[in-house]
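Some features that Swiss-Prot has for this protein:
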type: BINDING; residues: 16-23, 82-86, 136-139; note: GTP binding site
type: DOMAIN; residues: 7-189; note: domain 'tr-type G'
Amino acid sequence: MTDAPLSRIRNFCIIAHIDHGKSTLADRLLQDTGTVAARDMQEQFLDNMELERERGITIKLQAARMEHIANDGEAYILNLIDTPGHVDFSYEVSRSLQACEGALLVVDASQGVEAQTLANVYLALEQNLEIIPVLNKIDLPGADPERVRQEIEAIIGLDTSKAITCSAKTGIGISEILQAIVERIPPPVDAIEEPLKALIFDSYYDPYRGVIVYFRVMSGQIKTRDKILLMASKKNYELDEVGIMIPGERKVDSLHAGEVGYLAASIKSVADARVGDTITLANNPANNALPGYTEVKPVVFCGLFPTDADQYPDLREALARLQLSDAALKYEPETSSAMGFGFRCGFLGLLHMEIVQERLEREYDLDLIVTAPSVVYKVNMIDESTVMVDNPATLPGPQKRKSIEEPYVKLEIYTPNSYNGTLMELCQERRGEFIDMKYLTTDRVTLHYELPLAEVVTDFFDQMKSRTKGYASMEYNLIGYRPNDLVCLDILINNEKADPLTTIVHRDKAYNVAKGLVEKLKELIPRQQFKIPLQASIGSRVIASESISAIRKDVLAKCYGGDISRKKKLLQKQAKGKKRMKAMGKVDVPQEAFMAVLTLNK
């Protein structure tokens, strides 16, 4: 590996919406610069989780260092910092942007600009990055690069006269992209003489070396055996090794300002090396940390229970291990009369929740029951205190609380013009407040709504996709709490409260949700030998009920004719047995019933 001066280092990332070809483009850049030999190449090289390749999305950040001989004959070092494209991981995106001086904006030439592209572009513009527009997938028959150019100019306001057209799949335009990175992205600022400041943009847990931290040196230099201080967690460590990612790690003696690398220092948990934290030297610390570090707060909560109670310790260990590499995951033990022991977990969003659930089932071989997701409510109590509630079953009683506030989001939907009617209908059904509507081009519209997060986390995304045949895309940001007329809806199965089915709903919707829920449960819960009443109640008032009729054994089958009193005796005996059974009997509720809350189109 050559050691290049600062003027020949370029740090850049790739911004794109899901499926616009970002990972494929990264593959081509690695191949074209000879960083990865053709025989080692596999698709989505930087997506190293099996789940990432399967879903075709980037979850964890990756980094790679490439060498490129430019047209002027000099060898340049290009550090690619890969970013996730999904809205749930927007904090990770903002940190990786901070570690760069430029960004490739990849837009699918057949699809045009989408919601997440925009959100990330605005983050990049805030960091003053040099943005190079790249129109990908021009080999597709439906590609229309000219229309997409106009869209980028109209929506984002970027000059697209120098936009590069390419096809990452076939390799067209890759050398132009490499040349543009060298020519148009500025080199890092020379700050080698200043005290060490390095930004952590990712970390993962290695069972042998502890946490491996990926960082970008902003000023000063860092060497093996240095004693470092992490400014947010205030922890001190001695460095065991420092190195660069090629992809694959290679040790070096030191890294200076402008370079990207990794370090290992026997750090025990990812929580100690938080993403966005600043690394400095313990004996010569920097005066202030790099800006932009925030604690990531979970937004969506749900209960995870093992189907087999014996797996509870395994689930606890699996969550502890996952948390080592995923600092955004929060969990605490919870118990439920219907489900036994489990955990209440907090996630950044629905995709994050699905990914954690899949990783638990795949990597740790667990069989899980997941309760419906809920958001964090703010309850104002009569004694002037406030309580944050993430589990509807723990909501304080109506006599103790004054009001309930729920989180609201600002929602942006990008859609072809022909679908805006059905989307406006969907947002109104979900208690949305219309803000404005803008025409981006003659046939593309952006809708702005403010609506409760609780209405978004269930099946809003699926509904939006199915109503627009997959053409619409959305992006949301939290905008704070607002009071609403909310009530707690309890579900009673055989006169026993089923905690996992408890939901918090708006009073106007309570009856419809309750009715839909008990009808759904009636379909899903298997019949028993006795009658099962299903009730939905607000406090002590039942507002909807259904009952599952009993399976009846024909006890008179053996009586041919004979005296009526004999038949009565048998029927009374059966009725007595059923009565006892009803008092003692326990109803097993299948997993589908707990997800009924989710699939109910509120």
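Cβ atoms here come from the backbone N, Cα and C positions, even for glycine.
Of all Cβ atoms in the shown protein chains, 27 besides its own fall within 10 Å of the Cβ of Thr83 (GTP binding site). Other C-beta atoms found within 10 angstroms of the C-beta of Ala16 (GTP binding site) number 25, with every protein chain shown included. The Cβ neighbour count for Ile138 (GTP binding site), using a 10 Å radius over every protein chain in view, is 19. A sphere of 10 angstroms centred on the C-beta of Lys22 (GTP binding site) encloses 28 other C-beta atoms. This prediction places the mean pLDDT of the domain 'tr-type G' (7-189) at 75. In three-state terms derived from DSSP, Lys22 (GTP binding site) belongs to a helical segment.
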